[in-house]
Amino acid sequence: MSEAHIYPVKENIKAHTHADNDTYLAMYQQSVTDPERFWSEHGKIVDWIKPFTKVKQTSFDTGHVDIRWFEDGTLNVSANCIDRHLAERGDDVAIIWEGDNPEDDKTLTYNELYTEVCRFSNALKEQGVRKGDVVCLYMPMVPEAAVAMLACTRIGAVHTIVFGGFSPEALAGRIIDSDAKVVITADEGVRGGRAVPLKKNVDEALTNPEVKTISKVVVFKRTGGNIDWHEHRDVWWHEATAKVSDVCPPEEMKAEDPLFILYTSGSTGKPKGVLHTTGGYLVYATMTFKYVFDYQPGETFWCTADVGWITGHTYLVYGPLANGAKTILFEGVPNYPNTSRMSEVVDKHQVNILYTAPTAIRALMAKGNEAIEGTDRSSLRIMGSVGEPINPEAWEWYYKTIGNEKSPIVDTWWQTETGGILITPLPGATALKPGSATRPFFGVQPALVDNMGNVIEDQAAEGNLVILDSWPGQMRTVYGDHERFEQTYFSTFKGMYFTGDGARRDEDGYYWITGRVDDVLNVSGHRMGTAEIESALVAHPKIAEAAIVGIPHDIKGQAIYAYVTLNAGEYPTAELHKEVKDWVRKEIGPIATPDVLHWTDALPKTRSGKIMRRILRKIATGDTSNLGDTSTLADPSVVDKLIAEKAELV
């Protein structure tokens, strides 16, 4: 691969930072050699009702996996995100809402957020919600989504958010698994100029005979569209909040009380309910937000994720608000009504920190300068990437085109299961290499192991990425199935948390995520991460996006099957076919040359923008009779089109 360029820490960032390199090294050293002392001190980043005296009781031992942090302390999440800021910054903006339509926006100050959250907390109590009950949110990206989350935490209810794009079947499955008591939804959502039938989907989900626990559906009026109404079950948000008090004392919660359940699709079978608890999660969300984004008071932070994903939980709602930040909640999509929408929002709200996904970056990159037309983005100070490894070409484009070569990029690696960011640069401390997530955050001990579970001690190495010890934000269990938790994360490599990802570590100790371990190809005895070949393909000037899967090959073991999407205005030709193969040969070597090039207009993606490689593997091998769980697909029609194209390739 082409040698990565190194971007040193910028002097202006270093001058006003929470952690320069010396500070990072000292803090990191303490965090791994004396985690008790480190987290005893930094656990105080949040306000405790009853201070903790126990810091860490954790075990990764087979049959005894047990994770507890700060367990004798008590606190309340909503009080940390709202109440503690009221005296000093009650009139400061907490949430900026930017609607799908660029003309729609509004703000909520911390004082206003307090009132809204207290009201809705009391409304939930009126609907019979008690401490420990599960509340399911199926909401559009409106401020009320954050209000509902915070209200649940205020009264000690456990929220489970289902992304508003999921089908009624997927919603029903999550309601059944979580035993939710109440659903909070809207009449309709709005996304990319189209209405999303949220209430209709809830009605349909609740016709499933297995759904037995729902007593009420609270409906926020977003569009005023026509909906069916069930008199004894359905309640309007505005009516429920009109007649209640706007004072609601926060419930005192134990650190290990459940905070939320968030479902991730397992590659087989039913989705896993990832359970996070109150104290450790909030400490870790607060700490990572402060240091990773180097947040300074008064700055405007924009995480483009939906609240239905872990990124939306941790870095749109809880992390920013616990730090008293100003956070943007965006209803729309980055390219509607035009390609420069993301840049326009940055200018309109003078965004200082932007956190988005490689999928969005690549989609904008394919449109070239249209993505920044009529904007200057001069307010940006820090930019971030999340969701999957970002290929160096997209990193460079993001850095130069969106960020004007002024803003360091924090390429963050983490998972739903980890609660917060685990491997990341710190803006004032870390020299950057495009495509590398760089170094571990405080308290995180990554290691690379071979397939037998032996830790690879060499500095420069490649292997399976594991974490050797617990950190406060770690998930505690799979809801209702602790055995599945142990089986999934701790049985592959004994005594270690297995991330499911492969990585390489370079001579500077920087980590490069190579993709899911099941995305590792073995071609003629050579192990290759699919991410590396995809990066080489996307570096070609005519290619917008690529996905690589392995297919069985009689001689080589595996052959390389490449799905390739071209930039707007480019079309597949025999010349381009040869050119692309030669390009990969030059970038990586003959061993990485794709055996099959499958040109296509679109790849199957989850609604959070991840490419569903499992489906691509099945299509490539012709095994399309059972595609498994496809409920998370953004556009299921893409799959049929790919199957038809594959038939023509043969």
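Just so it is clear, glycine is given a Cβ too, placed from its N, Cα and C backbone atoms.
Annotation for Gly193 (CoA binding site): same-chain Cβ neighbours under 8 Å, separated by at least 6 residues, are Asp100, Tyr336, Pro337. The CoA binding site annotation in Swiss-Prot covers Arg191, Gly192, Gly193, Arg194, Thr311, Asn335, Ser524, Arg585 and is backed by sequence analysis.
Marked as ATP binding site by Swiss-Prot on the basis of sequence analysis: Gly387, Glu388, Pro389, Asp411, Thr412, Trp413, Trp414, Gln415, Thr416, Asp501, Arg516, Arg527. Look at Gly387 (ATP binding site): DSSP puts it in coil. Neighbours of Gly387 (ATP binding site), defined as other CB atoms within 10 A of its CB across all chains, total 20.
According to Swiss-Prot, the feature Mg(2+) binding site maps to Val538, His540, Ile543, an assignment based on sequence analysis. A sphere of 10 angstroms centred on the C-beta of Val538 (Mg(2+) binding site) encloses 21 other C-beta atoms.
Spatially close to Lys610 (N6-acetyllysine) yet at least six residues away along the chain are Thr359, Gly387, Glu388, judged by Cβ distances under 8 angstroms. Look at Lys610 (N6-acetyllysine): DSSP puts it in coil. The N6-acetyllysine feature in Swiss-Prot is assigned to Lys610; the stated evidence is sequence analysis.
The Mg(2+) site is set by Val538, His540, Ile543; from the centre of their CB atoms, other residues of the chain with a CB within 8 Å are Glu393, Ala536, Leu537, Ala539, Pro541, Lys542, Ala544, Glu545, Ala546, Val564, Val580, Trp583.
Around the Cβ of Thr311 (CoA binding site), a 10 Å sphere holds 26 further Cβ atoms from the protein chains shown. If you draw a 10 Å sphere around the CB of Arg194 (CoA binding site), it holds 10 other CB atoms from the protein chains shown. In this structure, the binding-site residues Asn335, Thr412, Thr416, Ser524 were compared by how many other Cβ atoms lie within 10 Å of their Cβ, and the smallest count belongs to Ser524. If you measure from the Cα atom of Arg191 (CoA binding site) to that of Thr416 (ATP binding site), you get 24 Å. Candidate binding-site residues: Arg516, His540, Arg585. Fewest other C-beta atoms within 10 angstroms, Arg585. You'll find the Cα of Arg194 (CoA binding site) roughly 28 Å from the Cα of Thr416 (ATP binding site).
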